């Protein structure tokens, strides 16, 4: 009578321990106390992608523009109209610094936030910056879906967008990570962001968050 091979009850646990961590888990673990900060032009998908990314990583999502409006008790267009852009940028700086101190989280920023040198420095210190880059056709299609965009009040909205791209994209290009945000599933963009973050964190494996 042949003997049956002994069953190793620990084998499944051993195999599970050997299994590679999921992409989300790897990114979340190595993120530490940093924020993932999404930058880019209006229409790049920062808020939509940011919410889905935060859900995948089990992190809080914050929208800097919404936080600024809540802190000021008025809309951003009203802040600009009453106090001017310098006052707005000062408030934006303070709000983003506060949010970074509450990390980890996924933080979507306004289109002009990353243009401010002090804000860029704060993001570099407390976060990982991700530029969601999109071409002009994609940006304009998305912007036109929302009639409340100030850009649409200009007689040449595409011309305004092209000028913004010319000025801002060289600065956005200094972000830690760049991901294409094109038409299609937002979840595919989230997948691309996670993959890019994983690669960036791999390249800085000795970096202590």
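Positions of Cβ are set from backbone N, Cα and C atoms, glycine also.
TrEMBL: automatically predicted annotations, no manual curation.
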Just to be sure I read the record right: 65, 89, 168 are listed as binding substrate in TrEMBL. Which of 43, 45, 111, 195 is listed for the same site?
111
Candidates 44, 45, 47, 48, namely the binding-site residues, that fall within 10 Å of residue 111 (substrate binding site) by Cα distance:
44
Spatially, and counting Cα to Cα, which of the binding-site residues is closest to residue 65 (substrate binding site)? Options: 44, 46, 48.
46
How long is the line from the C-alpha of residue 48 (ATP binding site) to the C-alpha of residue 168 (substrate binding site), rounded to the nearest angstrom?
21
Whole-number answer please: how many Å between the C-alpha atoms of residue 89 (substrate binding site) and residue 47 (ATP binding site)?
20
Measuring Cα to Cα, how far is residue 168 (substrate binding site) from residue 47 (ATP binding site) in Å?
19
